[in-house]
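> Take a look at what Swiss-Prot says about it:
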- 1-15: compositional bias 'Polar residues' (COMPBIAS)
- 1-21: region 'Disordered' (REGION)
- 61-71: motif ''HIGH' region' (MOTIF)
- 552-556: motif ''KMSKS' region' (MOTIF)
- LYS555: ATP binding site (BINDING)
Amino acid sequence: MVCVTDQNNETTSQNRADKLPKSWDPKAVEADLYQGWVDAGYFTADPASDKPGFSIVLPPPNVTGQLHMGHALDHTLMDALARRKRMQGFEVLWLPGMDHAGIATQTKVEEMLKETEGKTRYDYDREEFIAKVWEWKQEYGGKIGEQMRAIGDSVDWSRERFTLDDGLSRAVQTIFKKLFDAGLIYQANRLVNWSPVLETAVSDIEVIYKDVEGELVSIRYGSLNDDEPHVIVATTRVETMLGDVAVAVHPDDERYKDLVGQTLPHPFRDDLSLKVVADDYVDPEFGSGAVKITPAHDPNDYALGLRHNLDMPTIMDKTGRIADTGTQFDGLTREEARIKVREELAAQGRIVKEIRPYVHSVGHSERSGEAIEPRLSLQWFVKVEELAKMSGDAVREGDTTIHPKSLEPRYFDWVDNMHDWTISRQLWWGHRIPIWYGPNDEIICVGPDEQAPEGYVQDPDVLDTWFSSALWPFSTMGWPEKTPELEKFYPTSVLVTAYDILFFWVARMMMFGTFAAKETPELLGEGKDGRPQVPFTDLFLHGLVRDEHGRKMSKSLGNGIDPMDWVENYGADALRFTLARGANPGVDLPVGEDSAQSSRNFATKLFNATKFALMNGAVSEGLPAREELTDADRWIVDLLEQVRLDVDAYLDNYQFAKANEELYHFAWNEFCDWYLEIAKVQIPREGTSAQGENTQKVLGHVLDALLRLLHPAMPFVTEVLWQALTDRTSIVVASWPTAADTNGGVAVDADAARRIGDVEKLVTEVRRFRADQGVKPSQKVPARLDFVACDLQDLEDSVRSLVRIEQPEDDFAASASLEIRLSQATITVELDTSGTVDVAAERKRLEKDLANAQKELETTAKKLGNEAFLSKAPDAVVDKIRGRAQIAQEEVERINKRLEELA
């Protein structure tokens, strides 16, 4: 081993190796490294900089929450982009923040008050309760920030925002008034998702669907005499018949042709009658071909009711109890009424058939757990037609590019078919709707710098959380004021998010972003060709993180993974690299403990390789002259340049998985497994040599660039190793590798690449042959082969070292041989393994291996022969089992062949 002497107290490679710990322990360094980056101001953006701007806004996590695996993926990819752009010389603003999460936060605080004080929010006035929420936010709202630091987010903490900050509240009031004045906000009675427990409308994303065992009940409307007008309808919600106003049939259904236009009496309500209407919505082949219509409590019925101008009586109050029907059922809960109404109908002889159990999908409140009630309610809405068109045009015209392009149709499907958006919520926590009502039923919208007239009362509702989130890209930079941040960093460069909130958040940001730009181009800039400016020029949509079997992570399955557990057990780099290495655009990502362990092992491999290189004199001082390099030297620096080109192309197109997979393969399979092993031969054990010094420079040169390329995905381990290698301040502010940092931009040496390729094949085949012969890996054996014939004479020492073979003596007698086809010739390798193999022990070992291989073959064959497994298991799992079966079959054949040879 060569150690550079420490003359004149200069820092040497050995000194730097000594600074590294004995082994890689991420927990010992990550927190201090991160705080050092923050303290140094590396993440703080300067709007006055003359560097080109690059900006990302963090999709704001709920203040109530903790980071889950989806967040971890989001943050890893955004951080990788931010770190790379910073290294490329951009002025980077990655702006963090949190969402006030109206329903989630209010629910959390109400639960806390019930547990600690035995009170509900109604025991306080509105201002007192909101003060309680702010207290809770101050005490518990910092959890996510701590977790973001733990995974290494390079965000600008000096610009952290909260959706209820004063500046953002001003933006909300401003956009609301502009939309209202433009006639794009209105109030109406519409069907909404209603939570009887929370007593508010909720958004679609806050509704989760569960399979529920119910009963399908067939009811007879009209006469009980078969010869007189009647119809039979089926429902799982018998109680809603209290609000039935019609029965619908298909226009072409001959069975009901004479009934269309007639009315049937309601079994319980004299104030309602059931009109028989014809509508194409009805499937005449399903059931009886007749459908009961409850316009105020079913989305499809509501749409049909609008088409036929039907009455829409609401039969439930805000708590979900039957109300205002004038029947004996008033005051009952939905569940109680379901039983009582069925009993009364049965008593009248109107229950024709019951199917129990009947499994059907029912929407439930994500926050409170009860079944959602579709309910006609007076709410505020955004008229989306004009806004949605601008959003669609922005993508169609290329102002915003969606990655991957394959998800464009999904985006267009949403924006082209969007319904008006319910924006009011019956909560106390959130942005209060800036509508005021006068004493004579006047309605005015009050802007941020205006006061309502005396005697006016503000609307009690708050805005949907997504309303303020839709302003996030520009409200966080100071809009509606003119700010240096907007001038430098708007529009944002890219939005990174999962495809599942494409409608809920992304489309709405596009709507409000283009509208705000149209209204205030002097603040947000002009778009292309007279179109409004967009909030982001690129939209990268990644998939969802799933478990290792491809299943959605859920509490019911118990398969969720806490990313903080991985940080604790494997380190932040392992978490990040696992996610980055699996992040293909728009494709779901399965992960498991094996993935994290593999990434941790990779970090350890990098650490050990760098420490070994430093102990062997690696220096980052630039490359020697090209002609002074060996084949192996030229091959590795040329390969590094190809990897750099590929990684740049991949990352420019958000192909994170391909970029990191290529870096992994290069680092582990090419640099560590091959070049480091050859370098051991090229660096003399004692003394120095020109070739050895050149190899030390190549080692340092390649590691320097490799660590910088890996830094966006693995910031912590690369920082520690790069500082040790280069003795410089921080890799965070190092430059991103260019051709000058790889092979100097010269033409690739194809001959060197060919010869190293031959070495890899030769060594691999000889190693495999040795193993088949039962020769221990450490055992040297004499061997004869013609290095000149295969043009590998300059690499003979490396080959002999790598495969543990010695020069043959004069009396050499081969006991085994193999032929290997290389690029220039087929070479025969003759080996003398006599005396190196214990035949009895080798047979015993092989028989044990054979038993294991046969057991694996039997296990996989059993699974692949199971039709239930094949039909239910994800394709990736089945393919993995098939791969295992093939490997086991090949192993059985190989071992049997070797046993025959021993016999």
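Going from the start of the chain as shown, residues are counted 1 onward.
Yeah, the Cβs are placed from backbone N, Cα and C, and that goes for glycine too.
Describe the structural context of these features.
Counting only same-chain residues 6+ beyond the ends of the motif ''HIGH' region' (61-71), those with a CB under 8 A from a CB of the stretch are 98-101, 104-105, 108, 137, 140-141, 143-144, 147-148, 151, 162, 498, 544-545, 553, 560-564, 579, 591.
Per-residue confidence over the motif ''KMSKS' region' (552-556) averages out at a pLDDT of 78.
The DSSP secondary structure for LYS555 (ATP binding site) is coil. Other C-beta atoms found within 10 angstroms of the C-beta of LYS555 (ATP binding site) number 7, with every protein chain shown included.
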> Mind tallying the motif ''HIGH' region' (61-71) by DSSP state, helix then strand then coil?
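Its residues divide into 3 helix, 1 strand, 7 coil.
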